[in-house]
Amino acid sequence: MASFSAETNSTDLLSQPWNEPPVILSMVILSLTFLLGLPGNGLVLWVAGLKMQRTVNTVWFLHLTLADLLCCLSLPFSLAHLALQGQWPYGRFLCELIPSIIVLNMFASVFLLTAISLDRCLVVFKPIWCQNHRNVGTACSICGCIWVVAFVMCIPVFVYREIFTADNHNRCGYKFGLSSSLDYPDFYGDPLENRSLENIVQLPGEMNDRLDPSSFQTNDHPWTVPTVFQPQTFQRPSADSLHRDSARLTSQNLYSNVFKPADVVSPKIPSGFPIKDQETSPLDNSDAFLSTHLKLFPSASSNSFYESELPQDFQDYYNLGQFEDDNQVPTPLVAITITRLVVGFLLPSVIMIACYSFIVFRMQRGRFAKSQSKTFRVAVVVVAVFLVCWTPYHIFGVLSLLIDPESPLGKTLMSWDHVSIALASANSCFNPFLYALLGKDFRKKARQSIQGILEAAFSEELTRSTHCNSNNVFSERNSTTV
């Protein structure tokens, strides 16, 4: 595809006026998320971290709150990036850091929620084991490992994110070798509206690189190319000159290249093409001649460009017409998207759904039916909200790999993609309110202190209840045996 987003793995935000409905909706969501999530998560972090007794449950939710708080701190940059239609005034470091924070929040949150689900499942099915092995130190070690893995999953953002310049504005986007994906790609304008091929792909060398016609005299495979200035004959370029000029190609945005007819190509002569002073008649059909002899266009049929003598990166440029004709998605981007989908969503979702299904089934069988653990309800609802917020993000990411961005469906998909990003970011502001609102009597909770609310939400009630029930069953079995 031709675009991928600044914050995400999937699609770049299209260049739309700030007053378009998708942009307005995204800005509203991001603004509310920041205004509510920053104080909410900060309050939970302060109370649960400094005022409450440290338990296994508080460790889980403290780290979850920390991940949400980091995401909220990055939202002003994302909001400004959206309002500026993709302009990036923050420099390269923040170009790598801000998108990675959102990805870090995704992986850290989903891994922590998976750990909480497994912990709840162990509490129900292995109460005796939990009494002996479930402790704060183990929970802290697991959280440390989760942060390390989440950071590793962000490495592609640091590797592939770069700053590009277009229309005197800095852009933050992915770059996969010669393939580049910038934020707000439509901001650059339609390449077909440009009147020169150099606006899309710069040929090696400039007009001031022309050599003195008398400096080279050779009859080795002359290529006659007329220009509007004077008739000239090009000689086969040397590998050294092509290697020097090809270095310039790596900085070009070669991902979505639209070749213009040769009659509108500005007559620039690549350096390293010696010129022999020879009178030649201009060709009437210059576009056909250029495509046949210089292989500038994908329709050319001649294979006499001496590929064996060209450096590899110049051969990549030479084969430009073949590697993006069908909007082929770069392989690294496919790998990043699929990895995030599987590791950051599908696999954890299956584990969490299975864990809570087993817990509900076990609780309905008898002795667990009366257990009303606030922590269990909090965990279930937090997982459900996470899935609701992040599902559109991953759906848009996969569809962006499959749908042509130039099709009507593709354009609609791209225009609403940043709404899915904003919705995913909004997940970071919900949890503090879920901790406070989940309970039988909200009015009673409203009269409690913040510390009392969090202590009730993060209580170890299920552990104690399960342990007591397990001891009762054990005692009943002993009395029956006697």
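Placed from the backbone N, Cα and C atoms, the Cβ positions cover glycine too.
Residues or ranges marked as topological domain 'Extracellular' in Swiss-Prot (evidence: sequence analysis): 1-23, 81-96, 161-340, 401-417. Here Swiss-Prot flags N9, N194 as N-linked glycosylation site. Among the features that Swiss-Prot reports, transmembrane segment is placed at 24-46, 58-80, 97-118, 140-160, 341-360, 378-400, 418-438. Positions annotated as topological domain 'Cytoplasmic' by Swiss-Prot, on the basis of sequence analysis: 47-57, 119-139, 361-377, 439-482. Among the features that Swiss-Prot reports, disulfide bond is placed at C95-C172. If you look up Swiss-Prot, you'll see Y174, Y184, Y318 marked as sulfotyrosine, on the strength of similarity to another entry. Per Swiss-Prot, the feature phosphoserine maps to S459; the stated evidence is similarity to another entry. The phosphothreonine annotation in Swiss-Prot covers T463.
The stretch in closest packing with the transmembrane segment (24-46), judged by the count of Cβ pairs under 8 Å and taken from 97-118, 140-160, 378-400, 418-438, is 418-438. DSSP assigns C172 (disulfide bond) to a strand in the three-state reduction. DSSP labels the residues of the topological domain 'Cytoplasmic' (47-57) in these numbers: 7 helix, 0 strand, 4 coil.
With pairs at least 6 apart in sequence, the transmembrane segment (378-400) and the transmembrane segment (140-160) have fewer than 3 Cβ pairs within the 8 Å limit; the two do not touch. Geometry remark: Y174 (sulfotyrosine) versus C95 (disulfide bond), CA distance 10 Å.
Sequence-distant residue pairs (6 or more apart) of the transmembrane segment (418-438) and the transmembrane segment (58-80) include at least 3 whose Cβ atoms are under 8 Å, placing the two stretches in contact.
Taking Cβ pairs closer than 8 Å, the transmembrane segment (341-360) reaches residues 106-107, 110-111, 113-114, 117-118, 120-121, 124-125, 153, 376, 379-380, 383, 387, 390-391, 394, 397-398 in its own chain, all 6 or more past its ends.
In the three-state DSSP assignment, the secondary structure recorded for C95 (disulfide bond) is helix. The predicted model assigns the topological domain 'Extracellular' (161-340) a mean pLDDT of 49.
DSSP states for the topological domain 'Cytoplasmic' (119-139), grouped as helix (H, G, I), strand (E, B) and coil, give 18 helix, 0 strand, 3 coil.
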